[in-house]
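Here is the structure we will look at.
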Amino acid sequence: MFNRQDTLAKTDPDLWAAIQQEDRRQQDHIELIASENYTSPAVMQAQGSQLTNKYAEGYPGKRYYGGCEYVDIVEQLAIDRVKALFGAEAANVQPNSGSQANQAVFMAFLKPGDTIMGMSLAEGGHLTHGMALNMSGKWFNVVAYGLNEKEEIDYEAMERLAREHKPKLIIAGASAYALRIDFERFAKIAKEIGAIFMVDMAHYAGLIAAGLYPNPVPHADVVTSTTHKTLRGPRGGIILMKAEHEKAINSAIFPGLQGGPLMHVIAGKATAFKEAATKDFKRYQEQVIDNALVMCKVLVERGLRIISGRTESHVFLVDLRAKNLTGKEAEALLGRAHITVNKNAIPNDPQKPFVTSGIRIGTPAMTTRGFTELEAEQLAHLIADVLDAPNDEAVVERVKGEVAKLTAKFPVYG
C-alpha cells in the first residue's frame, strides 16, 4: 500500500526541485502573459484529490464504469454552476482544453471540405479558427476576416465574405484582440445565411462571467472556452450550447474525441465556477480592466503605440517598431528584468511569426496578486524604461530590483 508520508519531495527530489524552482519563478516574476493566471488553493486542492484515480467514461447517470456515484455529483455540480454563470441552456465540462472544445464543435457540425469562417491569425485570431497548419485549416475550406484601417474587426467585410462564401460555420473570438466583439452582429449574418454561429470566448470568459464584457451565449449556437485565463480555473475547456445541440456536442466529446474525462480537473472547474459567481470575482475583473487601461495610457505617453488605439478588456498589443525592437528582443529583455510577456504579431506584421513586431500584455495574473492602478502605472513605466534602453544592463538590473520589491509586497499566495 501507499504511505502518505512518501511525499513527492521524498520520492522524487529531482522533480520536486523543478517544481519548487517554478514556484519561485512565479513568485519572483511579474506575469503579464494574457493567457496565464493563478488558481486558488481550493482549485489546486480539487485537482490534487483522489478524483484523479477514477475513470468515468460517459456522462452523469450514464457511465460505462461502476463506482461513479460520487464523481457524478462532481460533474453535475460543474455543469449546473457553469450554466448558471453564463446563462446557458446546456453545458459540457469534459473537454481537456479549449482546442479540443473547438474540435468537438467541428466534429458535431462539419464534414471535411466544408467552409468555415474565422478571424485571421495574423490579425488577432486563434490557430484553431482556420490556421493553415492546424487541423481546422487542413480539414476545412477557410475564409478569414480581419481588421479595418482602425484596427477594429471589419464587420462589413465579414458580412460581405459570409454572403459570398456562405460558410457552414462562423467563428467569433480571438487570442489577441483588445476590443469588445459585437456578437449580435455576427449572429444576424449567421442566421441570414443559415450558418452555425460559434463563439470562442476563451480570453474573455472571466470578464463575461462578471458582466463586464458582452455575453455571447444568448446569440450563439455554441460557445467554447478555456477554464483558465481570466476565468482563473484549472487548465481545461468547456462547451456551452443551445439545448438542441447538446446531444451532438456530447457525442463529439465522448466517444468522438475523448475517453474517460479528467474528474480531478472537472472538480477544479466546479470550484472555479463557484468562485466566479461571487462579488469578489466581479471586483477582481473590474480591477483587471482598470489596470489594463492605466498601463495603456502610460505606455502611450512613453512613446509606444497600442494596437486598435485602446483596450476594452484585459489584454492589449504593443507595437514596438518605434523603439526599433522586435517582439522576440523585447520578450527577452523584459524577461531579464523578471517581467514576463510574450512576443506577438501585430496586424500586417513585416516580421516572421517567431520574431514579430509586438508584444502582448495581459493584466489578469498581476491583478490576482493584488496590483491596482498604482502598481499598474509603476509597472508600465518600468516596462518602458527597459524598452527605452535595450543595451543598458544597469537599467535592467534597476528594474529587476523594483520588480523584486513589488513581488515581495504582493505575493501570489499569502
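For all residues, glycine too, the Cβ spot is worked out from N, Cα and C.
Here Swiss-Prot flags Leu121, Gly125, His126, Leu127 as (6S)-5,6,7,8-tetrahydrofolate binding site, drawing on sequence analysis. The site 'Plays an important role in substrate specificity' annotation in Swiss-Prot covers His228. Positions annotated as N6-(pyridoxal phosphate)lysine by Swiss-Prot, on the basis of sequence analysis: Lys229.
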> Among Leu121, Leu127, all listed as binding-site residues, which has the most CB atoms within 10 Å of its CB?
Replying inline: Leu121
> Where among the recorded positions His126, His228, Lys229 do you find the Cβ with the fewest other Cβ atoms within 10 Å?
Replying inline: His126
>> To the nearest Å, how far is the Cα of His228 (site 'Plays an important role in substrate specificity') from the Cα of His126 ((6S)-5,6,7,8-tetrahydrofolate binding site)?
In response: 16
> If one measures from the C-alpha of the residue listed as 'N6-(pyridoxal phosphate)lysine' to the C-alpha of His126 ((6S)-5,6,7,8-tetrahydrofolate binding site), what distance in angstrom results, rounded to a whole number?
Replying inline: 15
>> Using a 10 Å radius around its CB, how many other CB atoms surround Gly125 ((6S)-5,6,7,8-tetrahydrofolate binding site)?
In response: 24
